[in-house]
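J.: The structure under discussion is supplied below as structure tokens; questions concerning it will follow.
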């Protein structure tokens, strides 16, 4: 019985990165051997055990065989005769198919170290095509490390998409990998790789439809709506924004794909036109509520947020109410963060100031100076409870108006 450190721990060690989780493979053992040594079985799908002291995962070396479409259609074989190389061969990418023995020696039968040095993501074997999740994983690793995907691997990924493997992906797995990819250092790279292999058209057709749609060059020197979306997403990542904010950045301009061709490159109403596509994506991916709500909010209101200097005080108040800013000020702030990414996610505009954010927050703070509790109590005391909302609005407008006048005159 021999144990080896495998997978991501070896990869990150060789890259000089912190090793977060350590996974082990056991060669020359079976379930009875593991149980006799005090290991605890985990689940029943795979022969995986928890170490009695470290609680790290130890898996019996195994081979896998495709039995049906999708990521779940596998059967496995694990016994004492399965070799380390056979176990490593079933893994997705060469950089993940390395092991380290107890003496620190690296076992690398498929050239993972070579590909790490070259910055290449390459599939280990044709079995890569048996699991459609690997399309998403390869794109995610490209986003994490900035690596390129080998041409033969991209070709295989395209074939998988053409064969309908991507159609078999369930929403939970797509969201799981997408969310991880959005939180990587270069999330733009993930979307680019998914588009290059054709998977974006299957998984996020609303985003894929943005590519090739022109915008006004005076607002968008990058011209292409899809390129702007990638730049906005990447700017959100560079700003260190959260997952809901990055997700909203990805979906904020879906309405531009709905613009009638005869009015291009203008996109009047794309904020409103984008709401339904955003909802469709949210439902299809089963996006978490916080992500879904922020994406819809940003899509619907980002143009109005940009144009705050042109708005009347009454419109300002209406926007604050419709966006639920009084009850959910933190979400309102995150929406404005995405608007910064939208403004700066344009060619040669990455340092463009965005005073609108500070002004919106100042307007909200000013409106909150109106004592709604006191106003409500006074109205009730006077038998005019039906005037409460109107009186609160008047008080808020009285606070907003002078501040907005100053900003518009600046």
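Each Cβ is built from the backbone N, Cα and C atoms, and glycine gets one as well.
Quick paste from Swiss-Prot:
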type	residues	note
BINDING	8, 11, 91, 137, 140	ATP binding site
BINDING	8, 11, 91, 137, 140	CTP binding site
BINDING	21, 23	Mg(2+) binding site
DOMAIN	225-326	domain 'HD'
J.: Can you tell me which of the binding-site residues 8, 11, 137, 140 is spatially closest to residue 23 (Mg(2+) binding site)? Compare CA atoms only.
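T.: Nearest in space to residue 23 (Mg(2+) binding site), counting only the binding-site residues, is 8.
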J.: Between any two of 8, 11, 91, 137, 140, the residues recorded as binding CTP, what is the biggest Cα to Cα distance in Å?
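T.: For the residues that bind CTP, the greatest Cα distance is 16 Å.
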J.: Determine which residues of this chain, when 8, 11, 91, 137, 140 are set aside, have a Cβ within 8 Å of the centroid of the CTP site's Cβ atoms, and list them as they appear in the sequence.
T.: 7, 92, 93, 95, 96, 141
J.: Return the residues near residue 140 (ATP binding site), defined as same-chain residues 6+ apart in sequence whose C-beta is under 8 angstroms from its C-beta, sorted by sequence, else 'none'.
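T.: Same-chain residues close to residue 140 (ATP binding site) (Cβ under 8 Å, separated by 6 or more) are 177, 180, 181, 184, 190.
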J.: Between residue 11 (ATP binding site) and residue 21 (Mg(2+) binding site), how many Å separate their Cα atoms?
T.: 11
J.: Which three-state DSSP class does residue 23 (Mg(2+) binding site) fall into?
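T.: Assignment for residue 23 (Mg(2+) binding site) reads strand.
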J.: Does DSSP give residue 91 (ATP binding site) helix, strand or coil?
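T.: The three-state answer is coil.
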J.: To the nearest whole angstrom, what is the C-alpha distance linking residue 91 (ATP binding site) and residue 21 (Mg(2+) binding site)?
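T.: Counting only the Cα atoms, the answer is 17 Å.
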